[in-house]
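Here's the structure, in C-alpha coordinates; my notes come after.
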Amino acid sequence: MFTGIIEAVGNISAITSKGSDFEVSVNCDTLDLADVKIGDSIATNGICLTVVKLTANSYVADLSIETLSRTAFNYYKVGQAVNLEKAMLPTTRFGGHIVSGHVDAVAEVIECRTSGRAIDIWIRVPSQIEKYLSEKGSVTVDGVSLTVNAVTGNEFKLTIVPHTVVETTIADFKVGNKVNIEVDVLARYIERLLLVDKPEDKQSKISMDLLERNGFLL
(Lines of atoms letter the chains of each structure in order from A and count residues from 1; the text may use other names and numbers.)
(Lines give C-alpha, C1' and ligand atoms only; values in the text may rest on other atoms or scores of the structure.)
Protein backbone atom coordinates (compact mmCIF):
# COMPACT_ATOMS: atom_id res chain seq x y z
CA MET A 1 0.00 0.00 0.00
CA PHE A 2 1.10 3.57 -0.68
CA THR A 3 0.05 7.10 0.29
CA GLY A 4 0.58 9.08 -2.91
CA ILE A 5 3.30 11.22 -1.34
CA ILE A 6 6.19 11.05 -3.81
CA GLU A 7 9.63 10.32 -2.33
CA ALA A 8 11.74 10.89 -5.43
CA VAL A 9 11.68 11.29 -9.19
CA GLY A 10 13.62 8.70 -11.19
CA ASN A 11 13.92 7.88 -14.86
CA ILE A 12 13.55 4.80 -17.00
CA SER A 13 16.97 3.59 -18.16
CA ALA A 14 15.87 0.50 -20.11
CA ILE A 15 12.81 -1.45 -21.23
CA THR A 16 13.85 -4.98 -22.18
CA SER A 17 11.78 -7.68 -23.86
CA LYS A 18 11.70 -10.97 -21.94
CA GLY A 19 9.74 -13.36 -24.12
CA SER A 20 6.09 -12.33 -23.88
CA ASP A 21 6.81 -9.89 -21.03
CA PHE A 22 9.20 -7.02 -20.35
CA GLU A 23 11.60 -5.75 -17.71
CA VAL A 24 11.91 -2.07 -16.83
CA SER A 25 15.04 -0.59 -15.27
CA VAL A 26 14.67 2.58 -13.23
CA ASN A 27 17.47 4.89 -12.09
CA CYS A 28 16.70 6.56 -8.78
CA ASP A 29 19.71 8.42 -7.40
CA THR A 30 17.63 10.35 -4.88
CA LEU A 31 15.53 7.44 -3.55
CA ASP A 32 16.98 5.65 -0.51
CA LEU A 33 16.99 1.96 -1.43
CA ALA A 34 18.88 0.82 1.68
CA ASP A 35 15.75 -0.73 3.21
CA VAL A 36 14.45 -2.23 -0.06
CA LYS A 37 14.90 -5.91 -0.85
CA ILE A 38 14.02 -8.22 -3.73
CA GLY A 39 10.26 -8.78 -3.75
CA ASP A 40 9.39 -5.38 -2.29
CA SER A 41 7.04 -3.01 -4.10
CA ILE A 42 7.78 0.45 -5.46
CA ALA A 43 5.04 2.59 -6.99
CA THR A 44 6.40 3.79 -10.32
CA ASN A 45 4.19 6.56 -11.73
CA GLY A 46 1.41 5.07 -9.66
CA ILE A 47 1.93 1.47 -10.79
CA CYS A 48 2.78 -1.07 -8.09
CA LEU A 49 5.88 -2.89 -9.40
CA THR A 50 7.79 -5.70 -7.71
CA VAL A 51 11.56 -5.33 -7.46
CA VAL A 52 13.38 -8.30 -9.06
CA LYS A 53 16.89 -6.81 -9.24
CA LEU A 54 18.50 -4.11 -7.14
CA THR A 55 21.59 -1.90 -7.01
CA ALA A 56 22.48 1.02 -4.76
CA ASN A 57 20.71 3.52 -7.02
CA SER A 58 18.49 1.53 -9.39
CA TYR A 59 16.00 -1.31 -9.55
CA VAL A 60 14.51 -3.64 -12.14
CA ALA A 61 10.88 -4.79 -12.19
CA ASP A 62 8.83 -7.10 -14.38
CA LEU A 63 6.19 -5.67 -16.71
CA SER A 64 3.41 -7.93 -17.91
CA ILE A 65 1.42 -7.43 -21.10
CA GLU A 66 -1.55 -6.74 -18.81
CA THR A 67 0.31 -3.87 -17.13
CA LEU A 68 1.33 -2.41 -20.47
CA SER A 69 -2.20 -2.61 -21.84
CA ARG A 70 -3.88 -1.03 -18.80
CA THR A 71 -1.43 1.74 -17.92
CA ALA A 72 0.43 4.62 -19.51
CA PHE A 73 3.60 2.50 -19.52
CA ASN A 74 2.61 1.64 -23.07
CA TYR A 75 3.59 5.23 -24.01
CA TYR A 76 6.90 5.39 -22.11
CA LYS A 77 10.37 5.45 -23.61
CA VAL A 78 13.87 5.35 -22.17
CA GLY A 79 14.50 8.62 -20.33
CA GLN A 80 10.90 8.97 -19.13
CA ALA A 81 10.77 10.65 -15.71
CA VAL A 82 8.70 8.72 -13.17
CA ASN A 83 7.35 9.43 -9.68
CA LEU A 84 8.59 6.96 -7.07
CA GLU A 85 7.22 5.86 -3.71
CA LYS A 86 8.25 2.84 -1.65
CA ALA A 87 5.51 0.76 -0.03
CA MET A 88 4.47 2.32 3.27
CA LEU A 89 5.48 0.93 6.66
CA PRO A 90 3.38 0.85 9.86
CA THR A 91 5.49 3.78 11.08
CA THR A 92 5.07 5.86 7.90
CA ARG A 93 3.36 9.24 8.25
CA PHE A 94 0.06 8.95 6.34
CA GLY A 95 0.20 12.25 4.46
CA GLY A 96 -1.91 11.44 1.38
CA HIS A 97 -4.68 8.87 1.02
CA ILE A 98 -4.92 5.10 0.55
CA VAL A 99 -3.26 4.19 -2.76
CA SER A 100 -3.09 0.57 -3.94
CA GLY A 101 -0.91 1.05 -7.01
CA HIS A 102 -3.57 -0.56 -9.20
CA VAL A 103 -4.32 1.78 -12.09
CA ASP A 104 -8.01 2.20 -12.93
CA ALA A 105 -7.61 4.01 -16.25
CA VAL A 106 -5.33 5.94 -18.55
CA ALA A 107 -6.45 9.56 -18.90
CA GLU A 108 -5.40 12.56 -20.97
CA VAL A 109 -4.19 16.00 -19.90
CA ILE A 110 -6.36 18.51 -21.77
CA GLU A 111 -5.31 21.83 -20.22
CA CYS A 112 -2.37 23.21 -18.22
CA ARG A 113 -2.46 26.79 -17.01
CA THR A 114 -0.24 28.72 -14.60
CA SER A 115 -2.12 30.25 -11.67
CA GLY A 116 0.34 32.34 -9.66
CA ARG A 117 2.98 29.85 -8.49
CA ALA A 118 0.53 26.97 -8.84
CA ILE A 119 -0.62 25.08 -11.94
CA ASP A 120 -4.25 24.37 -12.86
CA ILE A 121 -4.61 21.12 -14.79
CA TRP A 122 -7.69 19.63 -16.44
CA ILE A 123 -7.74 15.89 -17.13
CA ARG A 124 -10.23 13.85 -19.16
CA VAL A 125 -10.94 10.32 -17.94
CA PRO A 126 -12.82 7.42 -19.58
CA SER A 127 -16.55 7.79 -18.89
CA GLN A 128 -16.73 4.55 -16.89
CA ILE A 129 -14.76 6.02 -13.98
CA GLU A 130 -16.16 9.56 -13.87
CA LYS A 131 -18.69 8.45 -11.21
CA TYR A 132 -15.84 7.89 -8.75
CA LEU A 133 -14.66 11.51 -8.92
CA SER A 134 -16.09 14.16 -6.62
CA GLU A 135 -15.21 17.75 -5.81
CA LYS A 136 -12.74 17.86 -2.88
CA GLY A 137 -12.32 14.09 -3.12
CA SER A 138 -8.98 12.35 -3.64
CA VAL A 139 -7.49 10.97 -6.83
CA THR A 140 -4.08 9.58 -7.74
CA VAL A 141 -2.45 10.91 -10.92
CA ASP A 142 0.82 9.22 -11.93
CA GLY A 143 1.19 8.13 -8.31
CA VAL A 144 0.59 11.58 -6.78
CA SER A 145 -2.20 11.99 -4.21
CA LEU A 146 -4.20 15.05 -5.28
CA THR A 147 -7.44 16.82 -4.43
CA VAL A 148 -10.11 17.24 -7.11
CA ASN A 149 -11.13 20.90 -7.31
CA ALA A 150 -13.92 20.63 -9.88
CA VAL A 151 -15.69 17.98 -11.94
CA THR A 152 -17.52 18.49 -15.23
CA GLY A 153 -18.74 15.26 -16.80
CA ASN A 154 -15.68 13.11 -17.38
CA GLU A 155 -13.24 15.99 -16.90
CA PHE A 156 -11.77 17.18 -13.62
CA LYS A 157 -9.57 20.02 -12.43
CA LEU A 158 -6.51 19.93 -10.18
CA THR A 159 -4.64 22.84 -8.66
CA ILE A 160 -1.04 21.81 -8.09
CA VAL A 161 0.75 23.71 -5.31
CA PRO A 162 4.38 24.81 -5.85
CA HIS A 163 5.89 22.13 -3.58
CA THR A 164 4.19 19.34 -5.53
CA VAL A 165 5.24 20.93 -8.83
CA VAL A 166 8.88 20.86 -7.72
CA GLU A 167 8.88 17.39 -6.13
CA THR A 168 7.07 15.44 -8.88
CA THR A 169 6.90 15.09 -12.65
CA ILE A 170 3.78 17.27 -12.85
CA ALA A 171 5.86 20.30 -13.91
CA ASP A 172 6.47 18.44 -17.18
CA PHE A 173 2.79 17.78 -17.94
CA LYS A 174 1.69 18.94 -21.37
CA VAL A 175 -1.62 18.86 -23.21
CA GLY A 176 -2.02 15.42 -24.75
CA ASN A 177 0.06 13.58 -22.15
CA LYS A 178 -1.32 10.24 -20.99
CA VAL A 179 -1.44 9.72 -17.22
CA ASN A 180 -2.27 6.88 -14.85
CA ILE A 181 -5.41 7.37 -12.77
CA GLU A 182 -6.36 5.53 -9.60
CA VAL A 183 -9.64 6.58 -8.03
CA ASP A 184 -10.15 6.65 -4.28
CA VAL A 185 -10.68 3.04 -3.17
CA LEU A 186 -13.33 4.23 -0.68
CA ALA A 187 -15.54 5.25 -3.61
CA ARG A 188 -15.37 1.70 -4.96
CA TYR A 189 -16.19 0.18 -1.57
CA ILE A 190 -19.20 2.46 -1.18
CA GLU A 191 -20.41 1.50 -4.66
CA ARG A 192 -20.07 -2.18 -3.77
CA LEU A 193 -22.01 -1.73 -0.54
CA LEU A 194 -24.83 -0.01 -2.40
CA LEU A 195 -25.01 -2.57 -5.21
CA VAL A 196 -24.63 -5.90 -3.43
CA ASP A 197 -27.97 -7.50 -2.57
CA LYS A 198 -27.47 -10.20 0.05
CA PRO A 199 -30.38 -12.70 0.09
CA GLU A 200 -29.96 -13.22 3.83
CA ASP A 201 -30.15 -9.49 4.57
CA LYS A 202 -32.90 -7.78 2.61
CA GLN A 203 -33.20 -5.01 5.23
CA SER A 204 -29.85 -3.34 4.66
CA LYS A 205 -29.12 -0.45 6.99
CA ILE A 206 -27.09 1.37 4.31
CA SER A 207 -28.86 4.17 2.47
CA MET A 208 -27.87 7.30 0.56
CA ASP A 209 -29.08 9.35 3.55
CA LEU A 210 -26.88 7.37 5.95
CA LEU A 211 -23.82 7.81 3.71
CA GLU A 212 -24.46 11.54 3.39
CA ARG A 213 -24.92 12.03 7.15
CA ASN A 214 -21.63 10.27 7.81
CA GLY A 215 -19.66 12.37 5.34
CA PHE A 216 -19.25 9.84 2.51
CA LEU A 217 -21.29 11.95 0.08
CA LEU A 218 -21.02 15.68 -0.54
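Along the chain as shown, residues are numbered 1 onward.
Using the three backbone atoms N, Cα and C, a Cβ is placed for every residue, glycine included.
Features of the protein shown, as given by Swiss-Prot:
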REPEAT    1-97  repeat 'Lumazine-binding 1'
BINDING   G4, I5, I6, S145, L146, T147, T159, I160, V161, P162, H163, T164  2,4-dihydroxypteridine 1 binding site
BINDING   C48, L49, T50, D62, L63, S64, I65, E66, T67, G101, H102, V103, K136  2,4-dihydroxypteridine 2 binding site
REPEAT    98-194  repeat 'Lumazine-binding 2'
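Projection of Swiss-Prot feature records onto the structure.
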residue: G4; record: 2,4-dihydroxypteridine 1 binding site; DSSP (3 states): coil
residue: I65; record: 2,4-dihydroxypteridine 2 binding site; DSSP (3 states): helix
residue: H102; record: 2,4-dihydroxypteridine 2 binding site; DSSP (3 states): coil
residue: K136; record: 2,4-dihydroxypteridine 2 binding site; DSSP (3 states): coil
residue: L146; record: 2,4-dihydroxypteridine 1 binding site; DSSP (3 states): strand
residue: T159; record: 2,4-dihydroxypteridine 1 binding site; DSSP (3 states): strand
Worksheet, complete the sentence: Least surrounded, by Cβ count within 10 Å, of the binding-site residues T67, T159 is T159
Worksheet, complete the sentence: CB contacts under 8 angstroms to G4 (2,4-dihydroxypteridine 1 binding site), restricted to the same chain and 6+ apart in sequence, sorted by sequence, are E85, G96, H97, V99, S138, T140, G143, V144, S145, L146
Worksheet, complete the sentence: CA pair T50 (2,4-dihydroxypteridine 2 binding site) / I6 (2,4-dihydroxypteridine 1 binding site), Å rounded to integer, equals 17
Response to the item:
In whole Å, the longest Cα-Cα distance within the recorded 2,4-dihydroxypteridine 1 binders G4, I5, I6, S145, L146, T147, T159, I160, V161, P162, H163, T164 is 17
Item to complete: Find, among the binding-site residues listed as H102, K136, H163, the one whose Cβ has the highest number of other Cβ atoms within 10 Å in the structure shown.
Response: H102
Discussion item. A 10 Å Cβ contact count, applied to the binding-site residues I6, C48, L63, I65, L146: which residue has the minimum?
Written reply: I65
Worksheet, complete the sentence: Closest by Cα to K136 (2,4-dihydroxypteridine 2 binding site), out of the binding-site residues I6, T159, V161, H163, is T159
Response to the item:
Same-chain residues at least 6 apart in sequence with Cβ under 8 Å of the Cβ of V161 (2,4-dihydroxypteridine 1 binding site), in sequence order, are A118
Worksheet, complete the sentence: Taking all protein chains shown into account, the Cβ-based neighbour count within 10 Å for T50 (2,4-dihydroxypteridine 2 binding site) is 12
Fill in: Candidates L63, I65, H102 (binding-site residues) - the one closest to H163 (2,4-dihydroxypteridine 1 binding site) by CA
H102
Item to complete: Sorry to bug you, but what's the C-alpha spacing from I6 (2,4-dihydroxypteridine 1 binding site) to I65 (2,4-dihydroxypteridine 2 binding site), rounded to the closest Å?
Response: 26
